[in-house]
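According to TrEMBL, the transmembrane segment annotation covers B:6-29, B:41-68, B:88-107, B:127-145, B:170-200, B:212-234, B:240-256.
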Amino acid sequence: MTLLSADHVCVRYGAHEVLHDISLKIAPGEIVTILGPNGSGKSTLLRALLGILPVAEGRILREAGLRIGYVPQRLTIDRTMPITVRRFLSLPVRVRDRAAAGTLARVGMSGQEGAQMTALSGGQLQRVLLARALLGRPQLLMLDEPTAGLDQPGEAAFYRLIEEVRAETGAAVLMVSHDLHVVMAASDRVICLNGHICCEGTPRVVSTAPEYRALFGLGTQGALALYRHEHDHDHRDGHPQHHHHHGHDHDHA
Amino acid sequence: MLDDFLIRAGLAAVGLSLATGPLGSFVIWRRMAYFGDATAHAAVLGVALALATDLPIGLGTLTVALAMAVTVAGLSARGWAMDTTLGVLAHSALAFGLVAVSFFPTVRTDLSSYLFGDILAVTRTELALVWAGALAVLGLLAWRWQALLTATLSEDLAHAAGLRPDRERLILVLALALVVAVALKIVGALLIAAMLLIPAAAARSFARTPEAMAALAILIGAVSGLGGLGLSLWQDTPTGPSMIVVAALLFALTSLRRRV
């Protein structure tokens, strides 16, 4: 059984091909992480899977009536809009107070119903976004760089939370990350992306794959390794038309 | 009771605020202020069109306002530099409208009523149209409220929930054109955008939820309308601008409350 699948999908912005020949499947209850450097098309892939971006070639198939809970990378709420956490949780589907309170407690935001969304910290906002997604009782949670604004302990706690949610609800989880070790531990399967799927498998298999090592550098002993990856790795024989485009905006701070 | 022109004027002002409160809130949240301007200014062109074709003024303004709103929405979806484009469209619509209207000598003498409104001359039929239009806008927004809010917060979240953000945008565009057609008689083409913006902006400092802001904006709009009517009677000032003056004073008062 498959919740969501991509079948030879290509996505282009104008003439520029961002994603090339992507095929993947998400089964119920599994945690899959899409891993790749900045500019590798991770967010694009997620947005294409969600139907936000049109695909140029190939197909995306969703199980009929699939409930997806989406947690975007960030949410910038205009300061002109007054909105409480409680009100936000009822968008677009209204939920009962009890359900809202229960889910807030689940993500560690108990009693925060009355807080203004614009007053939340990055980590709190992530948790509220997750709570909103969970209230739709999703069969598939899709998270785009869910820990981007968090520090290391916050990150670890967030991934623990995701695992607990999966264990409790049986929801499949598809995450996008550029961040290596923490994600690896939490995932059943890792898809290594750089415009195309470089390699995929269990975290252990992927972390020893030459493609993965080429993409992220050999050591992978810390986040910095990410930024030292070879920009033109040499496994493109199978993809003669594919041009790696690295429009990176690396933050070397 | 409706025989009294003051009662009719007051009811027209209150009716209009039912639509401008919630719609104005969206105009602020989505940063569409200039968009409102362009649509409202196009209404003058609609007046000329209506006179040239012997159609009712309301229909002419509605058509042209709708055409302008759809054009602007289409351009913004295609990623034009909106600041400049809207400025060009807003002011050229006004200029073209003024030039076109000048071909009709009867209107020429009465031009200011289209620019600044003529609420004291509202007839029973016009009053009925104001309420019908305002209630239609209110109904439209209430019907799509959840989807509109979601799409305003984040188009991606709306998409992921199976909504169509472009359709919600179209609903706002339609509502805006309706409000422009309805408000032309009351505050005039030049000040419609002010009637959308100022009450909603004043409501912001007191509101904790979107609904509260929209409701408060209705209240502040109605108070501004009635207050402006009173000011105009008392000091013999033009009524439309007087309403905006009261709204602006209320805004100044409420912004004192804001801790910056």
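Just so you know, glycine gets a Cβ as well, placed from its N, Cα and C.
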Please figure out which one of B:6-29, B:88-107, B:240-256 racks up the most CB pairs under 8 Å against the transmembrane segment (B:212-234).
B:6-29
May I ask for the residues of the chain that lie six or more residues beyond the transmembrane segment (B:88-107) and have a Cβ under 8 Å from a Cβ within it?
34, 37-38, 41-49, 51-52, 68, 71-72, 114, 189-190
Give the nonlocal contacts of the transmembrane segment (B:127-145) in its own chain as ranges (CB under 8 Å, at least six residues past its ends).
2, 8, 11-12, 15-19, 22-23, 26, 58, 168, 171, 174-175, 178-179, 181-182, 185-186
